[in-house]
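Take a look at the structure set out below.
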């Protein structure tokens, strides 16, 4: 006869020995239900379930969701503006893009200034027919248009440059937090 215990079949002749061994050496984790050696139970909890603060925003959460939080949900994670590719904290992105998207750029097909937020829709619908607005402020010489377009073109950031910026920012945040913690520890020791 076999007993099914913890998803394993145990021969009935060994059940007493198995039960004694498990009772003495293992305990069930109260969080995940895994059987963990008693001597490693605290280490299991600290490494798997103990709340940890996010190094970017200081929000406390379980360790197993920290990576997802930092990559997708943290308001202080670094993201880039879709219009100028400038890296900035996610919490500031909407306000930045509101301003950045309202900047204009000259369409070389129709010679009209188009808001950056409307650029993609405009490019798909642009007929390429230049508007002839005699006497309007848009009627400028071709060389002036080219110079203005070059001046208005957003800076091009390579993927490598963005990653280096993110890495440097992360290191600066880490060093700043270590410095602040050390300063706090020293001031606490003096008190």
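Each residue's number is its place along the chain shown, starting with 1.
Every residue gets a Cβ built from N, Cα and C, even glycine.
TrEMBL lists 40-84 with the feature domain 'TRAF-type'. Summarising the annotation, TrEMBL assigns transmembrane segment to 162-180. Annotation source TrEMBL lists zinc finger at 40-84.
Below 8 angstroms of C-beta separation, residues 27, 29, 31-32, 34, 90-91, 93, 96-97, 100-101, 103, 116-117, 154-155, 157, 162, 165-166, 169, 173-174, 177 of the same chain, each at least six residues beyond the ends of the zinc finger (40-84), sit close to that stretch. Taking DSSP states H, G and I as helix and E and B as strand, the domain 'TRAF-type' (40-84) has 21 helix, 9 strand, 15 coil.
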